Amino acid sequence: MLKKIGIVTFADAITKGIGYLILPVYLGLMPQHEYGEYGFILSFVGPFSLIIGLSVYVPFIRNFCVDNADISTQEELVSTVFISLFFWLILVDLLLFFFKSFIIDIYIALFHISEFADIKYYLILLLVNTGIILLYCYSLLIGRKSTKEIVLFTTIKFIFTSISSILFLYFNVLGSESVLNRLFGLFIAEFLIAFTYIIFYVKPYISFEINSTILKAQLKTAIPLVPAGLLGLFIVMIDRTLITEHHGLEELASYNLAMIALMPIQMLMSATQVAWAPHLFSLNSIQLALKQTINIMIISFFVMIAGTAVVSALLYLSINYGFISQEYNSVPKIIIYASFGVIASSLIHLNSNMFVHINKTHYQLFVGVIILAINWMVNISLIPKYSFYGAAIAAGTANTIGLIVGLWLLYIILRRLKYA
């Protein structure tokens with residue numbers, strides 16, 4: 001398992017390292033306020049995609065791994081999940097299309113969009129669709145337990161999205177508005193990747209049948225995770241909305257850049273999940289599962305702390321030597337403050353795996369409510385005066401408390417199961 005984590009982490013590290021090298025290109029091609037707007041939109045698209053995707057990918061991975069020896073059951077599972085997802089996305093798209101006139105004013109005010117609001121609305125909708133499809137394709141690769149396929153997917157996605165985005169920005173394909181160009185470049189790349197993976201990886205499993213029993217079982221586990229995803233969206237949007245409202249898109253751009261710089265933390269957790277989730281779901285002993293979860297959590301924590309120090313130093317040097325504009329000179333300090341919240345948020349995913357493993361996903365919703373409440377109160381108190389530093393402190397406080405509460409709940413639940 002550790003070898004698999006190492007391989008996937010190494011591949012992610014290479015792509016993210018190259019991503020850091022080309023980051024000054026994006027910052028040079030996008031004015032600071034437009035970079036802030038783009039980051040704001042993208043921070044919404046990810047969590048919103050998870051909500052619309054109904055979190056069925058979580059039990060899907062677990063059941064695909066459990067049914068690893070039964071090809072016919074796997075085919076039935078993949079067909080049910082992907083075909084149901086296809087019809088669900090059509091329904092959601094139609095609803096968001098017909099109710100656009102009621103949503104558009106809120107959407108413009110929320111993201112502070114000044115140009116091409118209609119086109120960006122449809123691009124956001126398309127990116128939500130491609131994001132969901134790619135998430136489920138990636139989940140299938142995790143279920144197949146092929147390290148090579150996972151590394152290939154990560155590499156292809158990075159290369160195509162980077163090249164497409166830069167080309168659209170550099171040549172101003174859709175005019176001089178950089179946000180529009182980058183969103184469209186990202187969509188084109190994700191669409192081509194999603195189409196390719198559906199043809200070559202999903203299609204062989206498809207039998208064009210929906211098993212209602214399987215679908216109900218998947219939804220029974222996944223639905224309690226949807227409100228948690230909604231809470232996650234609120235948490236992501238609270239700080240960015242308040243920063244934009246009180247301090248403008250320029251300061252939001254610095255905050256977004258700090259979050260991008262901290263992506264290696266999320267990268268490590270994603271790589272860990274690739275090997276860890278199938279391993280965890282295969283353990284019959286719940287007590288052993290929790291013990292191993294805590295062990296992997298401790299190891300991840302120290303690796304993430306070391307990574308944060310390196311990233312902060314690199315950003316500091318990049319700004320001092322002129323690779324990144326002095327407009328972003330506050331970013332290294334933001335990284336230090338924000339790292340605690342990002343690390344705790346990443347480790348919470350390991351708690352979530354345990355709640356899924358013991359079929360107690362509603363407890364994760366309770367933890368999410370606690371995180372949201374703390375985040376909301378601290379953000380409202382600190383952001384008007386301290387801007388992005390207040391947001392970083394709020395996230396660190398809320399996520400750390402959420403992590404501790406989640407572990408405490410798991411301990412209580414497992415103790416009851418042991419003596420039941």
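Note: Cβ is positioned from N, Cα and C throughout, glycine not excepted.
Marked as transmembrane segment by TrEMBL: 7-27 (among others). Below 8 angstroms of C-beta separation, residues 35, 147, 150-151, 154-155, 158, 162, 165-166, 169, 182, 257, 260-261, 263-264, 267-268, 270-272, 274-275, 314, 318, 323-325, 328 of the same chain, each at least six residues beyond the ends of the transmembrane segment (7-27), sit close to that stretch.
Long-range contacts of the transmembrane segment (39-65) within the same chain, counting only residues at least 6 positions beyond its ends with a Cβ under 8 Å from a Cβ of the stretch, are 74, 77-78, 81, 84-85, 88-89, 92, 111-112, 120, 124, 127-128, 131-132, 135-136, 139-140, 142-145, 179, 183, 217-219, 221-223, 225-226, 228-230, 232-233, 236-237, 240, 244, 249, 252-253, 256-257, 259-260, 277-278, 281-282, 352, 356-357. If you look up TrEMBL, you'll see 39-65 (among others) marked as transmembrane segment.
For the transmembrane segment (77-99), same-chain residues at least 6 beyond its ends with a Cβ under 8 Å from one of its own Cβ atoms are 52-54, 56, 60, 63-64, 67, 125, 129, 132-133, 136, 140, 198, 202, 205-211, 214-215, 218. Taken from TrEMBL, the feature transmembrane segment applies to 77-99 (among others).
According to TrEMBL, the transmembrane segment annotation covers 119-138 (among others).
As annotated by TrEMBL, transmembrane segment applies to 150-171 (among others).
Annotation source TrEMBL lists transmembrane segment at 183-202 (among others).
Same-chain residues lying 6+ beyond the ends of the transmembrane segment (222-243) with a Cβ under 8 Å from its Cβ atoms: 40, 43-44, 46-48, 50-51, 54-56, 58-59, 110, 251-252, 255-256, 352, 356, 361-362, 364-365, 367-369, 371-372, 375-376, 379-380, 383-384, 387-388, 391, 394-395, 398. TrEMBL lists 222-243 (among others) with the feature transmembrane segment.
Annotation source TrEMBL lists transmembrane segment at 255-276 (among others). For the transmembrane segment (255-276), same-chain residues at least 6 beyond its ends with a Cβ under 8 Å from one of its own Cβ atoms are 1-2, 4-5, 8-9, 12-13, 16, 19-20, 23, 27, 35-36, 39-40, 43, 142, 147, 150, 239-240, 243, 296, 300, 303-304, 307-308, 311-312, 315, 328, 331, 334-335, 338-339, 342-343, 346-347, 349-350, 353, 387-388, 391-392.
According to TrEMBL, the transmembrane segment annotation covers 296-319 (among others).
Here TrEMBL flags 334-351 (among others) as transmembrane segment.
Among the features that TrEMBL reports, transmembrane segment is placed at 363-382 (among others).
The transmembrane segment annotation in TrEMBL covers 388-414 (among others). Cβ atoms under 8 Å from those of the transmembrane segment (388-414) belong to residues 235, 239-240, 242-243, 247, 251-252, 254-255, 258, 286-287, 290, 294, 330, 333-334, 337-338, 340-342, 344-345, 347-348, 351-352, 354-355, 358, 360, 363-364, 366-368, 370-372, 374-375, 378-379, 381-382 of the same chain, restricted to positions at least 6 beyond its ends.
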Exercise. In terms of Cβ proximity under 8 Å, which residues at least six beyond the ends of the transmembrane segment (334-351) contact it?
Worked result: 254-255, 258-259, 261-262, 265-266, 268-269, 273, 276, 293, 296-297, 300-301, 304-305, 308, 311-312, 315, 364, 367, 388-389, 391-400, 402-403, 406-407, 410
For this session: Please give the sequence-distant neighbours of the transmembrane segment (150-171): residues at least 6 beyond its ends with Cβ less than 8 Å from one of its Cβ atoms.
Result: 7-8, 11-12, 14-15, 18-19, 22, 25-26, 29-30, 134, 137-138, 141-142, 178, 181-182, 184-186, 188-190, 192-193, 197, 274
Problem set entry | Long-range Cβ neighbours of the transmembrane segment (119-138) (under 8 Å; 6 or more residues past either end) | 41, 44-46, 48-50, 52-53, 57, 60, 81-82, 85, 89, 93, 96-97, 100, 103-104, 107, 113, 150, 153, 157, 179-180, 183-184, 186-187, 190-191, 193-194, 197-198, 201-202
